[in-house]
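One structure is given here, and the rest of the page talks about it.
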């Protein structure tokens, strides 16, 4: 087939002229025969002489017997065939276990850092009294600002980075924990018990979505994804307008019935984003992507759950008012 190829037809490696061969015919000039029918290239040993050590034995044309070589034993063959086949983890491909480990580590860092920030005012209050509690609340406000800026920067870096990094994802989780801890502390002071309600609400929504996704009820579609992107742009625009109104006039558009409507829409968008994250994990495992991309899935899932928690926290605060 290679001889009839226009590109490879002139390559000696794909034609019959390589190493003295022409279409499978051996050139007689390269292999002259002796007058007794024996080829000069394969002369038999003379009378009274044995084959030299390391030379091919007569009768094995072109083959040499390996000295001391033994056939594989039956036990070795059975052990080789009984060996389990390589898994995705052995080949460096992402498995469901890799994704779950990365997600657990990322969410664990977010929860631990957030809990530490919330516990700071209580611990300092017990140790130093009222002044210690006030110091703890001040540290919580600083943690909110640091977490907001750091989470925004690392969120953009992780979103646009081609090769995921476990270190950057975990660093993002630290900043998200600072942000959640500071915001939760502020809401807990005004509305006691609201943080536990928001956590339970987030777990209920996320668990329901996971169960419905596993049974095949919830799936994404190109049309719904386009609607989601448009709604997401509108939501971001509203958030920017609300920040401007708060800075200029002190008016918060996220209160009252409008705030409830925006919050409900945001929870729906976060729920759809969570379905997209689950599909990313499933698609990555089935396609055998590199194992490091498990951290990309963990990053997306953590960002979605943080967003959902904040929106549910806002909705509960409106009901409290």
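In case you wondered, yes, glycine gets a Cβ from its N, Cα and C as well.
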Pick from 66-88, 135-157: which stretch is listed in TrEMBL under transmembrane segment?
135-157
Using Cβ atoms and a strict cutoff of less than 8 Å, what residues sit near the transmembrane segment (297-319) while being 6 or more residues removed from its termini?
99, 102-103, 105-107, 110, 155, 158-159, 164, 169, 172-173, 176, 179-180, 183-184, 187, 190-191, 194-195, 197-199, 201-202, 205-206, 254-256, 259-260, 263-264, 266-267, 270-271, 273-274, 276-277, 280-281, 284
Please figure out which one of 135-157, 164-183, 189-215, 227-250 racks up the most CB pairs under 8 Å against the transmembrane segment (102-129).
164-183
May I ask you to check whether the transmembrane segment (164-183) and the transmembrane segment (135-157) make contact, with contact taken as at least three Cβ pairs under 8 Å and only pairs 6 or more apart in sequence counted?
yes
Within the same chain, where does the transmembrane segment (227-250) have neighbours whose Cβ lies under 8 angstroms from its own Cβ atoms, ignoring anything closer than 6 residues to its ends? I mean 6 or more beyond.
262, 265-266, 269, 272-273
